[in-house]
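Enquirer: Below is one structure. I have some questions about it.
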There are 4 protein chains.
Amino acid sequence: MDTAIESLGVARIPSPLKHVQHVTDDECILYDSSARNVEQQIREGQTPVSFMKAGPRDFMYFDPSKLKCAVVTAGGLCPGLNNVIRAIVLTLYYSYGVRNVLGIRYGFQGLVPQYGHPILELTPKSVGDIAELGGTVLGSSRGPQSVEDMVDALERMNVGILFAIGGDGTMRAVSKICEGIRNRNAKISVIGIPKTIDNDISYMSRSFGFNTAVTVAAEVITAAHVEATGSPNGIGLVKLMGRRAGFIASYAALAKRDANFVLIPESDFDLEGPHGFLAVLEKRILDRKHAVIVVAEGAGQQYAHGEGTDESGNPRLGDIGIFLKEAIDEYFKGKGIELNLKYIDPSYTIRSVEATSDDAIFCTFLAQNAVHAGMAGKTNMVVGNWRDEYVYIPVDLVITGRKQVELDGKLWSSVLEATGQPSFKP
Amino acid sequence: MDTAIESLGVARIPSPLKHVQHVTDDECILYDSSARNVEQQIREGQTPVSFMKAGPRDFMYFDPSKLKCAVVTAGGLCPGLNNVIRAIVLTLYYSYGVRNVLGIRYGFQGLVPQYGHPILELTPKSVGDIAELGGTVLGSSRGPQSVEDMVDALERMNVGILFAIGGDGTMRAVSKICEGIRNRNAKISVIGIPKTIDNDISYMSRSFGFNTAVTVAAEVITAAHVEATGSPNGIGLVKLMGRRAGFIASYAALAKRDANFVLIPESDFDLEGPHGFLAVLEKRILDRKHAVIVVAEGAGQQYAHGEGTDESGNPRLGDIGIFLKEAIDEYFKGKGIELNLKYIDPSYTIRSVEATSDDAIFCTFLAQNAVHAGMAGKTNMVVGNWRDEYVYIPVDLVITGRKQVELDGKLWSSVLEATGQPSFKP
Amino acid sequence: MDTAIESLGVARIPSPLKHVQHVTDDECILYDSSARNVEQQIREGQTPVSFMKAGPRDFMYFDPSKLKCAVVTAGGLCPGLNNVIRAIVLTLYYSYGVRNVLGIRYGFQGLVPQYGHPILELTPKSVGDIAELGGTVLGSSRGPQSVEDMVDALERMNVGILFAIGGDGTMRAVSKICEGIRNRNAKISVIGIPKTIDNDISYMSRSFGFNTAVTVAAEVITAAHVEATGSPNGIGLVKLMGRRAGFIASYAALAKRDANFVLIPESDFDLEGPHGFLAVLEKRILDRKHAVIVVAEGAGQQYAHGEGTDESGNPRLGDIGIFLKEAIDEYFKGKGIELNLKYIDPSYTIRSVEATSDDAIFCTFLAQNAVHAGMAGKTNMVVGNWRDEYVYIPVDLVITGRKQVELDGKLWSSVLEATGQPSFKP
Amino acid sequence: MDTAIESLGVARIPSPLKHVQHVTDDECILYDSSARNVEQQIREGQTPVSFMKAGPRDFMYFDPSKLKCAVVTAGGLCPGLNNVIRAIVLTLYYSYGVRNVLGIRYGFQGLVPQYGHPILELTPKSVGDIAELGGTVLGSSRGPQSVEDMVDALERMNVGILFAIGGDGTMRAVSKICEGIRNRNAKISVIGIPKTIDNDISYMSRSFGFNTAVTVAAEVITAAHVEATGSPNGIGLVKLMGRRAGFIASYAALAKRDANFVLIPESDFDLEGPHGFLAVLEKRILDRKHAVIVVAEGAGQQYAHGEGTDESGNPRLGDIGIFLKEAIDEYFKGKGIELNLKYIDPSYTIRSVEATSDDAIFCTFLAQNAVHAGMAGKTNMVVGNWRDEYVYIPVDLVITGRKQVELDGKLWSSVLEATGQPSFKP
């Protein structure tokens, strides 16, 4: 893996930041923290994988007094978007003296003239209180737009740095826009700030909004527990976010320990049969009179068949929540057992809340480091966090894979321990 | 209307309460607060309607040292149930010295042997921390049970006072149980504490849990607003509780003023036509690019046809939320307008939360006054609050009608003002 | 008592409000809700005391298209101030079509030129999000200003209606300003919205911010309980607001039942002696190893001697919190008993929070009715709430007395029951 | 630095844990994440510092069926204590099958007979709901106890593993108890879980409760901001925890960006003089009419002289909050500038709250790993988190130093950027 990045040219303007340790490009953070692995690699003459450390550089590529920047948010809502927007604007303004920052409306649609979305001017005053609000003041949208149109717009508006906050699709768009820029030999930097409420980006210990999502999801699990214990044979069934990774479901289940079953995309389960989920659930209901089930939206896709793809190009998932609700109802009806199942799908009420303090601070650091990268003339990079250090990672690396819950790792074994659930396999 | 109540006999045991004003049965609270109306009635020789003032009486009917009481919760969950249970137990124990209090499990099922639910013993220690939890530690259930079975159980367990917390169906059950008790000439008092998260009980200014429900519902409306403004032509559609009355929808809409349309059972609306809801919504979307719609579950039942009745005997409502979601999607698709509709149905996450401080205090006062009523030998009464005074009202009066939002009253006119919505009628 | 008000002249302009019940001046709300008392008075030929019902009138005195209004907030912070400001502006704008609303900065200082505070323009946009914030966007100040200066400013700015939100001192100022206006025969209405976090205004069932204050205060009592139980012989001592009335202390103590002692201004207590507070506390500590004490700031003023008056002209209270802390420490040191006392004074963190939903709605109704009063040409009146009805009350009546906790009433008896505390008297 | 630990003997009993990756003692986590540093050390033949990875071991030293464990909490309250206690009990019970867990009351006092504190039995049921409460159900105390007495008690009660949760003093006690145990050749393991709300433990990226503390502290700063802007020349002055390290003050200031000045122990400041704090504050007040000051309790100790030491043996700090309040008041009075200073000291309301979800999960992982360590026969170790990995660190290493805010690091430079504050030095 390569840690080098493309540069727009040579950065020659001295950094205006005071009282701050500046970082050089050869300061790198080890990917692997295992002493044994790293020692072995080095002894064998290999270079261990590492990521470029984030932070202000000694020299800037752009002249702040002449620079215009733009910020865009794309994809679904995620707590912290406004915090990132605000911190980008404040850092550009107060740390670097950049006076022109544009807000692109409704995702990449805002860069395409035919949609007619107006451009916002972002100032310290206009972003001052936005972090108290959930969502994004810029609006968002899904789906790809014409790369030519978008690069045209950036050139026409004379944008020097574009900060793109969004998910998988957005990072792929960043990669393509950078290619378009390179083809024109334009002097535009694009820096990505990856957004995934599911926390499933490779090479990133943590993504913003995840902490908030887990906090709210844990409250919903408590609600499900209250409903489940409130009636005879009560079942609280909660569907949580997690298309390909069950991090939210797993962490939320650990936060309160009210969940009795956690179903995630990473772990297949049988529905029928003596060891299947329904039989185990029946045993629990007969023994304990209530159960709380947490299911990630991407779990059990062999049962809940989705069709086609959504606007962002992701395969459309089948609705495992509704499927399970109906499968459980039918199973217990067949057994002649009265059941009180309450189904909760809190998706939007999780995505739209204000960030926790912890996420708010995290967003601030991400944004500051995104600005440092852009000012130094880096491009086609994202800012991330690896083992408590802020790092710059090539976009193309980030979009190649996804993180998942390891089934023999400490997270999932804690979940198994907390729930006591079996494997649902013969 | 008659304010007299049935009594079990003559209460002769002096009240043990110190430092407290005792109340006599002829202290009554005027139903009507209009000076003009009351004066006119009196001048015309009529007796204005009034409710018996709640509070401790000089004499008790039951001897605390020999008394056994029972508490039952029935119907759907509502914030504050545990607060009422706790305060009944603490008041019986500390104010009156009653040492035996039973918790009946899973509603009236708990009084019917065939279900086999065990009985709980409730002590100050066992109820000490329950108010931090939502739901009911007793569990609940819906649907009627045999009156004979229930009165049998009360006699067999030697219960002197039964405190029944529940909705409409529960209050009807209280009435029938009292009839059954009277027929046997048994010495059992039954006191109701009406529960309706919808706040639609006649002759009651307020019901417990409503304050909490509005608080949480208002947060959900904010979430819908964030989602609506987060994408182009965004619509946040929230379905709230309110089978026959739109109080939660109306108050929650006033709390934050993010709602643009509020649809309640009391106010019919046209869906189609130039003044219909869909046309007005289209205009709003074209003008403002987003809209927040709050719909009470009982609204628009001419469109969302429900069938049959539920376990509590209430007519089953059609799902107006899903109906509206689909009608809106179809309408805009027909017009070729892209739409981003997010549908939120938070029912269980509202019903299951811990009570607000305000509701917690209210529940305490209701429970204390319920205990005062029972100890004084009243029966077939409910405890309520009328214009800031706690009162006792005959059960049979309470179950005769329902409160609704007055369409020319101050609440609805405030909602119309806050939303700016028209009448949706030609 | 007289329910008539002074009027600026005859209101002749028809109300623009649609779909709303208008109210006439002779619709009055009975002060006393006791059926017996009211009947007796009427039979004896007396007119029972009543308050004029609030609401829109058929005719307006001011022409909205030419009207300029002003809003001022004075005194200490209280949750809900921004909600009142916002609802005044929105009601003036959307319901009546008033386009000019001024925000007076820093209380009555803002009407006095020498302070040089600028005037704000208040529009639906500028007040749109302010209710999410605690405090007052106008700022506030204490202390009286020259009536002549203030009336000069109102005339100079051509203000038709002044909405004054504030406490006791503010209401006295309203009375004097109205007198000054009358002396000049000016056509200016002044409407008061009484603010008292202590909830101690006579003739008002409830004041805005009180619900919020109790909610936060209850959480602080829980914190004190946690600290008290966290160490051997732990004492949590909480000082709450309540200069002359112990409503916050009493209600907050009821909300969670963690308090073991509640000391309020209305109830004297002995400190020393076998029945005094210190001896009772010692007994509790020896028996139970911890205690939670809630003291209202105005309690025990015979011990904590205050001197002089504050800027608002109120007598300066001695600090009973610090006094008790020291007295308890010394007493137990004298007895050789190790103690872990944690003292909490949360005043500003209570005053500055966002209003609860319940207070937010209440503030909206108060503000709407204040606007209705002003538009109808009423002056020298306040808007209040009496037994669930909004009413107009002459300012001069409101400033004549204060509400206190009745020591033989239901509130205090509930507190005594919840805490089990004795009278602290021989 | 040495990563070896003392062992009680050879662990021979196979681990009962299923579906979990077991860890071996030679899996170590690199202390330094810098690729350059690590490579250089290895090339130079040095062994880079690393910590033993936490997790279940293949073999246990103790036989669960015969093992008795004990848990003690010492020092000041910190959010998460009950979460740690609960997770220790649940992990011992459900993962390892240990049936005897004792709760030691009121810190190490509970091991000393003369105090007479009873021992609690901890079971899954008794700890089931304790995580909803702040504080510690065991109680706590400060100050050292006789090592002989404590080891006597452990032997007398036949305790195999003692889990000690506490601060600096507690970890020093662990070290001494282990020495005492070794001297007697007893077979007792002691595992520490370091507690410091200040987050200032060396070699630990994070300590439990810190996330919660920052969350609540940020809300208090918002309250101070509301108060400061609520009156002319308003100052909100907040004293936060942080005896020797300003982490809480710094992070809380970043969470909301309402703070204008942050004073921490690591950064000296001049009070007087043209560049001193008071002059800079005056300029801000004259320019902006309000200011928010956050001061960590250990800041400015050259001004606020403390005397002696507290019960835990820490030097008693002078009260910098009160000192600053008085110094500011006096300074502005001297300048003839009216000031409205509101002082907030929220210490206990921060220490006593329920843990955030994030801290709750963190506490669970810490506790599980503490149990794994104890069961494997490790002793005199603490469990910690280093760069997202759970590790075991020798107690003696942990008590040798303290973490502080680096004045040229990214945290402090973000704070300087967020506040815009100068160095307060000539």
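Just so you know, the numbers here start at 1 and follow the chain as drawn.
Cβ from N, Cα, C; glycine included.
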Enquirer: Out of C:E132, C:E297, C:E406, which is the one TrEMBL records at the substrate site of C:T196, C:I197, C:D198, C:M241, C:G242, C:R243, C:Y348, C:T349, C:I350, C:R351?
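Expert: The record-listed residue among the candidates is C:E297.
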Enquirer: Check TrEMBL for me: it has C:R142, C:G143, C:G167, C:D168, C:G169, C:T170 binding ATP, so pick out which one of C:G45, C:G55, C:G76, C:G246 it puts in that same site.
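Expert: As annotated by TrEMBL, C:R142, C:G143, C:G167, C:D168, C:G169, C:T170 share the ATP site with C:G76, chosen from C:G45, C:G55, C:G76, C:G246.
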Enquirer: For the ATP binding residues given in the record (C:G76, C:R142, C:G143, C:G167, C:D168, C:G169, C:T170), what is the largest pairwise C-alpha separation in angstrom?
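Expert: Those residues reach a largest Cα separation of 11 Å.
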Enquirer: Cα-Cα separation of C:G143 (ATP binding site) and C:D198 (active site, proton acceptor), in Å?
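Expert: Counting only the Cα atoms, the answer is 19 Å.
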Enquirer: Hey, what's the Cβ neighbour count for C:D168 (ATP binding site) at 10 Å?
Expert: 22
Enquirer: Suppose we draw a 10 Å sphere around the Cβ of C:G143 (ATP binding site). How many other Cβ atoms does it contain, all chains included?
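Expert: Total other Cβ atoms inside 10 Å, all chains included: 15.
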Enquirer: Measuring CB to CB from C:D198 (active site, proton acceptor), give everything in the same chain under 8 Å that is also at least six residues away in sequence.
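Expert: Correct list: C:F210, C:M241, C:G242, C:R243, C:R244, C:A245, C:F247, C:I248.
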Enquirer: For C:D198 (active site, proton acceptor), what is the secondary structure state per DSSP, taken as helix, strand or coil?
Expert: coil
